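Asker: When I checked TrEMBL for this same protein, it listed these features:
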{"type": "BINDING", "residues": "A:29, A:44, A:74", "note": "Mg(2+) 4 binding site"}
{"type": "BINDING", "residues": "A:29, A:74, A:215", "note": "Mg(2+) 3 binding site"}
{"type": "BINDING", "residues": "A:46, A:74", "note": "Mg(2+) 2 binding site"}
{"type": "BINDING", "residues": "A:53, A:266, A:318", "note": "substrate binding site"}
{"type": "BINDING", "residues": "A:120, A:121, A:145, A:217", "note": "ATP binding site"}
{"type": "BINDING", "residues": "A:218", "note": "Mg(2+) 5 binding site"}
{"type": "DOMAIN", "residues": "A:27-137", "note": "domain 'PurM-like N-terminal'"}
{"type": "DOMAIN", "residues": "A:150-305", "note": "domain 'PurM-like C-terminal'"}
């Protein structure tokens, strides 16, 4: 079933949740929103292109989920509560079934995180999804990349490298990313690539606990490098402290698993620094959220990221335009 | 010169203006913004794809200008003051010269309108520009599409149809859209297509004067149809009152000029309704802004758009996915 632009927008508009702070939603020249008093806005934009940011054969529901997840992860890394987003969708064909499946994935995550789609457009073109997400955070409470202090512990959530591991398996022809696979370890990795879970609750809890945070979208070394350079400090990482999942090690072997964890993108975990006095509080948080939080290094005087025990040293994180 | 993603972002970041309400700009996971007390946010998103929304051979500066203009026009139609935007740019190649020229056009308009780029990303892919723009408008003062009242006059700014006229000339091989052309009338039309001027000042002035407004991006009949349907009224347009520029009539003849004005997209003029008691105020505004404002019809009871004196009746506005 082929739809025109207005029918496509209508199909998205009727799926989105209501929020009391939406004065006027989709259907006018712009949405009107009422920000809460005392809050700052956290604003982020991410684009996912077919064949660049996800395998072109990915299920549309997975594409919808992941496009929003990438943005929510940025809000999580700021300690912001997701509020509203715009969705710009370029589609080669105006296919109702495809759009419904895409919306299934997108709104599954949107509804779980409380964010509403308040605008956007659909255009004809190669498949591309641009989302701008807006969150709210009380003034002066946002997590930033530039707050790391010498002596801080470095922490990471979850098991970095699993998404990159799934991508490698797919590139090797060993993983079908279009849907559920039988092998439990491979399915776990596929889920991490296709349905990453942004760490919104963790970000909110870290407001009172962490000095600096970033999400791990470019790779742990690269994103830790952003924290180090913005904070004017060095990050010293212990490679053997980076938590590698059994699924990743089994699938790729220890050396490749570590390489994925350090240099792979798309993890959407949070990397953060906190004072050593906060270790118990961070560990309590891990228990509360049922989310592993691993202490993987320390912040020191100096510059750059130093990774002790990393055989692949010298290579950096994933860059789209790098040669 | 080929650049990686971070260098591209840096190249954009150093061009944008400062604003006191930007707590944290480009360089973290998200920007942090401080909205002004008592204001609502107007949020809009528009994507422009090469070959769909602009001729692929357009000058990069024109592409940058137009991508922002489409969004500012939406803010203008809400009566909002432009504040911040995100820019998602998909580029087939990471070309520094191209990006600098694109930024020349984008920031010429951004700086003139006071809007700052606070985030975004660059990805590899077919040329596509997605901008989400955020403006501010005092609570309850926004212009909306749903406020038209029976008896209102219908007004339009400028000379609609000129952008569509330029597109037709280009499609007929009669206009080179890559740069300045010698023929003054053709150059005027080319400017309207490639460098449309969003009517931000008009939108602000109309807050106290108009009942409803929309920007003319889909075509005058289509956008007036949005006002009529959202307001639950009919719009009766006098075709012979629609102001056709001499440049457009000379280039295309009277019949095609009217067709462009009624059904062409990309005008980025404002169409609005106001009580007849406001005629003098609207005319004074036209003089203040040095912008023609023409009274082209009335709002009546009923439904739909009725165009008196339109030989091409039955065809509607431009739709990207329409057959």
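All residue numbers here begin at 1 and follow the chain in the order shown.
Glycine is no exception: its Cβ is also placed from the backbone N, Cα and C atoms.
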Asker: Check the binding-site residues A:29, A:218 for other C-beta atoms within 10 angstroms of each C-beta and report the one with the most.
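Answerer: It comes out as A:29.
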Asker: Hey, of A:29, A:121, A:217, A:218, which of those binding-site residues are within 10 Å of residue A:266 (substrate binding site), Cα to Cα?
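Answerer: Near residue A:266 (substrate binding site) by Cα: A:217, A:218.
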Asker: Let me know the most crowded of the binding-site residues, choosing from A:44, A:217 and counting other Cβ atoms within 10 Å.
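Answerer: Result of the Cβ crowding comparison: A:44.
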Asker: By CA distance, which of the binding-site residues (A:74, A:215, A:218) lies nearest to residue A:53 (substrate binding site)?
Answerer: A:218
Asker: Near residue A:215 (Mg(2+) 3 binding site), which residues of its chain come within a Cβ-Cβ distance under 8 Å, counting only those 6 or more away in sequence?
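Answerer: Once residues fewer than 6 apart are set aside, residue A:215 (Mg(2+) 3 binding site) is near A:73, A:74, A:76, A:77, A:198, A:199, A:223, A:268, A:269, A:270, A:271.
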Asker: Could you tell me the mean pLDDT the prediction assigns to the domain 'PurM-like C-terminal' (A:150-305)?
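Answerer: Result for the domain 'PurM-like C-terminal' (A:150-305): average pLDDT 97.
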Asker: Among the binding-site residues A:29, A:74, A:215, A:218, state which ones have a Cβ less than 8 Å from a Cβ of chain B, giving them in sequence order; state 'none' otherwise.
Answerer: A:29, A:74, A:215
Asker: In Å, rounded, how far does the Cα of residue A:121 (ATP binding site) sit from the Cα of residue A:44 (Mg(2+) 4 binding site)?
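Answerer: Between the Cα atoms of residue A:121 (ATP binding site) and residue A:44 (Mg(2+) 4 binding site), the distance comes to 18 Å.
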Asker: DSSP secondary structure for residue A:145 (ATP binding site), reduced to helix/strand/coil, please.
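Answerer: For residue A:145 (ATP binding site) - judged by DSSP and reduced to three states - the answer is helix.
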Asker: Which of the binding-site residues A:29, A:44, A:46, A:218 has its Cα closest in space to the Cα of residue A:120 (ATP binding site)?
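Answerer: With Cα distances computed to residue A:120 (ATP binding site), the winner among A:29, A:44, A:46, A:218 is A:29.
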Asker: Using DSSP with the three-state reduction, classify residue A:74 (Mg(2+) 4 binding site) as helix, strand or coil.
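Answerer: It is helical.
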Asker: If we check Cα distances from residue A:217 (ATP binding site), which of the binding-site residues A:29, A:44, A:46 wins as closest?
Answerer: A:46
Asker: Could you measure the widest C-alpha to C-alpha distance across A:120, A:121, A:145, A:217, the residues recorded as binding ATP, and give it to a whole number of angstrom?
Answerer: 32
Asker: Just the number: how many Å between the Cα atoms of residue A:29 (Mg(2+) 4 binding site) and residue A:46 (Mg(2+) 2 binding site)?
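Answerer: Between the Cα atoms of residue A:29 (Mg(2+) 4 binding site) and residue A:46 (Mg(2+) 2 binding site), the distance comes to 22 Å.
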